[in-house]
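S.K.: So that we are looking at the same thing, I have put the structure below in structure tokens.
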Amino acid sequence: MGSQSCPSKLPLLDFSKPESTKSGSSEWESLKSQVREALEEYGCFEACFDKIPSDLLKAVFRSMDEVFELPLESKLQNVSEKPYHGYVGQHAQVPLYESLGIDEVMVAERVEAFANTMWPQGNPTFRKTIESYAEKLSELEKTVRKMIAESFGLEKYIDEQLNSTNYLLRFSKYNGPNTPDTEIGLSPHTDKNLVTILHQNQVEGLELQTKDGSWIKFQPSTPNSFIVMISESFTAWLNDRLSATCHRVMMSGNEARYSLGLFSYPKDGSIIEVPEEMVDEEHPLLFRPFHYEEFLSFYYTKAGQAAPSALRAFCGM
Ligand SMILES: O=C(O)CCC(=O)C(=O)O
Ligand SMILES: [Fe+2]
């Protein structure tokens with residue numbers, strides 16, 4: 001098991017109904033149980049979310065095109081003190097892959113700084129497009145986290161967690177291998193943050209691993225579909241009641257794949273601590289309280305990379 005990819009479907013959840021993001025409505029309650037069920041089985045699901053109009057999605061992809069067309073020396077200016085938050089590319093292990101990040105994308109000055117770094121004359125269209133996309137999509141992210149918290153009886157903690165969240169927006173490009181073979185775009189991994197929401201152009205390649213080790217090739221059901229995945233820091237908060245999904249990108253053909261990832265993560269200084277409600281005889285405490293930024297740094301050390309689970313190696317009991 002594990003080496004074969006078989007096309008299959010992830011659950012598709014509809015967040016487009018007007019009441020679906022209104023806490024307490026019958027749509028909310030019904031979606032909440034679908035979210036819980038999907039995450040228990042897959043650690044992720046496909047969300048249909050029409051609050052981001054198709055014009056905005058088109059503008060986002062145009063903006064991404066503009067970024068990737070810049071000369072390498074401009075893209076290399078996208079630096080961050082945090083690992084994997086700035087430019088990543090030109091790696092022998094994943095030669096098809098290149099990506100850039102806007103950290104704290106909900107802060108207008110950060111988007112402006114990114115735009116001014118890439119285009120010294122400024123780029124107001126880029127700024128407006130990205131701010132609007134991130135703002136709308138972060139609503140979906142918050143809705144999902146609230147639903148999960150409610151479904152585990154953790155609602156009293158969630159506002160504080162939401163208020164101490166940052167968002168990283170990453171643009172990724174995967175060139176087609178231009179060979180008859182399928183080649184690695186991005187190596188298998190689980191994300192370390194809280195929740196990840198991915199969106200892509202029409203070129204497929206994302207694969208998600210199921211509990212039995214086989215791979216689902218993600219095929220978006222609609223142009224406004226998004227993959228919502230829970231990541232390791234969030235599963236730690238839940239004392240491992242849900243698991244993060246291992247995923248990878250496999251590329252074939254000659255068309256480039258573009259994807260956007262919105263990654264929520266705890267602000268520096270905030271502590272992830274398993275709530276007492278998640279611990280009982282059947283579910284002993286698995287993780288010590290930890291700082292996300294320290295976990296992320298550990299993950300990129302030799303020991304973190306070698307560990308079968310960086311999370312357990314870092315803060316497992
Ligand atoms: O391109 C994708 O769809 C996946 C990107 C990803 O997994 C990541 O950046 O962590
Ligand atoms: Fe990922």
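Placement of Cβ uses the backbone N, Cα and C atoms for every residue, glycine included.
TrEMBL: automatically predicted annotations, no manual curation.
Sharing the features that TrEMBL gives for it:
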- 1-28: region 'Disordered' (REGION)
- 164-266: domain 'Fe2OG dioxygenase' (DOMAIN)
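Tell me about the setting of these features in this model.
M.R.: The average pLDDT for the domain 'Fe2OG dioxygenase' (164-266) in the predicted structure is 96.
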S.K.: Count up the helix, strand and coil residues in the domain 'Fe2OG dioxygenase' (164-266) according to DSSP, in that order.
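M.R.: Output for the domain 'Fe2OG dioxygenase' (164-266) reads 6 helix, 51 strand, 46 coil.
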